[in-house]
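Peer 1: What TrEMBL records for this protein is below:
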type	residues	note
BINDING	A:Ser47, A:Leu48, A:Arg49, A:Thr50, A:Trp75, A:Arg110, A:His147, A:Pro148, A:Leu149, A:Gln150, A:Cys272, A:Leu273, A:Arg300	carbamoyl phosphate binding site
BINDING	A:Glu142, A:His176, A:Lys236, A:Arg276	N(2)-succinyl-L-ornithine binding site
DOMAIN	A:2-160	domain 'Aspartate/ornithine carbamoyltransferase carbamoyl-P binding'
DOMAIN	A:184-309	domain 'Aspartate/ornithine carbamoyltransferase Asp/Orn-binding'
Amino acid sequence: MKKFTSVKDVADVNALVTEALVLKRNPLGYKETGRNKTLGLIFLNPSLRTRLSTQKAAVNLGMDVMVMNIDKEGWALETLDGVIMNGTSVEHIREAAGVMGQYFDIMGLRSFPNLKNRDEDYREDILNKFIHYSDLPVISLESGTLHPLQSLADLITIEELKTAKKPKVVLTWAPHVKPLPQAVPNSFAEWMSVADVELVIAHPKGYDLDPAYTSGATITNNQDEALQDADFIYVKNWSSYQPYGQILTQDPGWMLTEERLKNTNSGKVMHCLPVRRDLELGADILDGPNSLVLQQAANRVWAAQVVLKKMLETNFPIPS
Amino acid sequence: MKKFTSVKDVADVNALVTEALVLKRNPLGYKETGRNKTLGLIFLNPSLRTRLSTQKAAVNLGMDVMVMNIDKEGWALETLDGVIMNGTSVEHIREAAGVMGQYFDIMGLRSFPNLKNRDEDYREDILNKFIHYSDLPVISLESGTLHPLQSLADLITIEELKTAKKPKVVLTWAPHVKPLPQAVPNSFAEWMSVADVELVIAHPKGYDLDPAYTSGATITNNQDEALQDADFIYVKNWSSYQPYGQILTQDPGWMLTEERLKNTNSGKVMHCLPVRRDLELGADILDGPNSLVLQQAANRVWAAQVVLKKMLETNFPIPS
Amino acid sequence: MKKFTSVKDVADVNALVTEALVLKRNPLGYKETGRNKTLGLIFLNPSLRTRLSTQKAAVNLGMDVMVMNIDKEGWALETLDGVIMNGTSVEHIREAAGVMGQYFDIMGLRSFPNLKNRDEDYREDILNKFIHYSDLPVISLESGTLHPLQSLADLITIEELKTAKKPKVVLTWAPHVKPLPQAVPNSFAEWMSVADVELVIAHPKGYDLDPAYTSGATITNNQDEALQDADFIYVKNWSSYQPYGQILTQDPGWMLTEERLKNTNSGKVMHCLPVRRDLELGADILDGPNSLVLQQAANRVWAAQVVLKKMLETNFPIPS
């Protein structure tokens, strides 16, 4: 595995989930796999779960970790070519990524979309240029369009708790006060499409996701209908894909509550966090027995660890 | 030891000081005690000494450390329950602490008081909620009302240097330009009250500390009287407890100088740092032979290390 | 070696370069040299390359590293003596450095000039006070006047790639939109003056560097003449030394381009980075085969590692 930016970078998703669960039972069993290898974690945007879980995963594998919050500790990067750099950008991504390629063995990169220009965000310029100019194995820590470590952790969580062979999984839009990226729902839909689940996506009119990620899913604007007999309910806000980056409604009727869980199959409730209580998701659910949010967060470690392990084994095999 | 937030969390203070001094002579003697254990250091407020000394203590014990400046790298936390989170708070403390509970084995937390609402600060809501929702062993890195790692280091310093069986220790208020928390003086008074010392607290009228922490101490508004025959003088500014968080005076007459040391018993001068030179404390003293401030700072390592060692031994005993 | 702040702190520059190249071939050969030793990296100004390369070098030697961005995580330091600290400075450099001396075994310090008062910057007050009050072995991570780790990496790079016994090296000024420090050009000139090279410095009228650093160099205001038959061309902007810290010209005619390389001896082009593309240096050169900028950045690791190794061996010899 040279990069981990999408489910498409994974040869065998089932095998990856299985191996993650093996690591969960034996976190320190591969302390030599990453010995004397350096993971650079580069954040162009803030992070809590992703930073801590990935750092912990790397340490479990014996790696050295260097964290850099470019936005806070560093400086503005220029991403466009052909620009005379006489403005506020201090360094070009070609040099910044190239330099990191000299210091790291594997890079993790977080770069949010700006939600202004859809083509720009969906081209994944920043992520792709970091991959290209660093010439390193790169793990996305959430990019403009996808959040694969989160989705892998979500799939691990579903795999651990499912009772049906092919559970019904509902991704349902939730209200929010700020326009949020589509990365988490895109990514969740993409990963569910290759998993052995029935995926239903429910959202208000106008919130259709990029169809590139939702193939195989049933899409509806009727949340009640979607929730019927659901085994897992993934709650998440996103801004509209078209028109891009807009808040079209804040209808509180879309907030999931205990009451609405009644027609589900004792549905387990998921959210990637951070979550706005009583805005996106009822506090009653978050504090109740159906919430999986902390288990999802815990599984971020095993998602990151199995991906790092694969990358280490592929790119830096230990001589036998 | 499941938490270290006050002297009340310590079963045997003398034994703790003794063991800290053993660690000081043999810092690396317990490198296996913390092996493969993760310490998360969470700062809601800036830190220099506390961060560096605690990090070093943890590394001496073989721990892995993850530092997170939530205020700088993260986001605003909501601490109240029952709030519809449609404002600026991005995440609730229930989820943030709960998530950290998944990644850390022990947590250190710094959270200053806001000095606006006394009840709120003295309830120690943030610290208590982090303890409750993380379900981790937690070390206070200074909270709204107390700074126990500092006080333990102070007691270690006094223990190292005392010549009398029961030395006279004076805590004396000093002028400052900003309203500062009462955490350090509260905490110092609390620890001295269980130590074998005679404690005198001197401050201008109106600066009485919460009596919950000053039992057993002689309290006076006459600094000269207090300093008479003092063996140790702890200099510290604090804002008023009642009315709460106010600057009642900036009287420069309360600044300790070499001149004022004359009536002491060659009194050793202490301060937790950072110190405002020639405002709180005369530069002549800080640069002179009576100052213990660097030794106190050095002892922060052994204070943190002995607390971490106890917590590791209690919560993660190494199988024999 | 007790400090590394200038080429003058190095007893044998050739031997240092040779040993750096040995480390480059065997990065992990001295993992025990720094075991249980703590490197504190203190940044009063932002850093990317210096932080990451020095951190990596230290880890290669088995050291523990603590990074502190004082400007971001800490607080304003007072550097002057005799000041009543009733303003915005929270701590005096005497205490801050003194405390760090308790926690670190070796300190790295970055402190930029303010470019307002030349005497102040060139006195290197901050660096010297950190050295004095910490009483530690100190490595400059770029100071007001010099950047020795960069220059050592530059010399390593020239040593690796030179074909002539005594190559012609040109340091040429480049345009920029902001007034930059003179530390890199001062330092490069200082190191070249003891290396076996012919150094020519080219800059517009008024940009003369402090003669203390340029002895032995040919100085010209004619870039074309300077570039004639050059083997290495070091491109760098700096603000004027006299009047101090000014932008005297932004003449784009001084920007190096492929066209201008024609009269050189297939001149290799160097820059310390970050570089402003098409302002300081043509993108055609940066993306072409003559650029050494990434190799220079890579060599920062070996420069830092050889200096740390020397410091460890001098100050903390391993008993045989």
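In case you wondered, yes, glycine gets a Cβ from its N, Cα and C as well.
TrEMBL does not curate its annotations; it predicts them automatically.
Structural setting of the listed features?
Peer 2: In the three-state DSSP classification, A:His147 (carbamoyl phosphate binding site) falls within coil.
If you draw a 10 Å sphere around the CB of A:Lys236 (N(2)-succinyl-L-ornithine binding site), it holds 21 other CB atoms from the protein chains shown.
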Peer 1: Closest to A:His176 (N(2)-succinyl-L-ornithine binding site): which of the binding-site residues A:Ser47, A:Arg49, A:Leu149, A:Cys272, A:Arg300, going by Cα position?
Peer 2: A:Cys272
Peer 1: Between A:Arg49, A:Arg300, which of the binding-site residues has its C-beta surrounded by the fewest other C-beta atoms within 10 Å?
Peer 2: A:Arg49
Peer 1: Against chain C, with Cβ pairs under 8 Å, which of the binding-site residues A:Trp75, A:Leu149, A:Cys272 show up? Give them in sequence order, please.
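Peer 2: Of A:Trp75, A:Leu149, A:Cys272, the entries that lie near chain C are A:Trp75.
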Peer 1: Would you mind checking how many other C-beta atoms are within 10 angstroms of the C-beta on A:Glu142 (N(2)-succinyl-L-ornithine binding site)?
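Peer 2: A count of 26.
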Peer 1: Filter the binding-site residues A:Arg49, A:His147, A:Leu149, A:Lys236, A:Cys272, A:Arg276: retain a residue only if its CB is under 8 A from a CB of chain B. Output in sequence order; output 'none' if empty.
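Peer 2: Listed binding-site residues passing the 8 Å Cβ cut to B: A:Arg49, A:Arg276.
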Peer 1: In the structure shown, which of the binding-site residues A:His147, A:His176, A:Arg276 has the fewest Cβ neighbours within 10 Å?
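Peer 2: The binding-site residues A:His147, A:His176, A:Arg276 were compared, and A:His176 has the fewest Cβ atoms within 10 Å.
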Peer 1: What is the average pLDDT across the domain 'Aspartate/ornithine carbamoyltransferase Asp/Orn-binding' (A:184-309)?
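Peer 2: Averaging the confidence scores along the domain 'Aspartate/ornithine carbamoyltransferase Asp/Orn-binding' (A:184-309) gives 97.
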Peer 1: For the carbamoyl phosphate site made of A:Ser47, A:Leu48, A:Arg49, A:Thr50, A:Trp75, A:Arg110, A:His147, A:Pro148, A:Leu149, A:Gln150, A:Cys272, A:Leu273, A:Arg300, how many Å separate the two farthest Cα atoms?
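Peer 2: Site span for carbamoyl phosphate, by Cα atoms: 29 Å.
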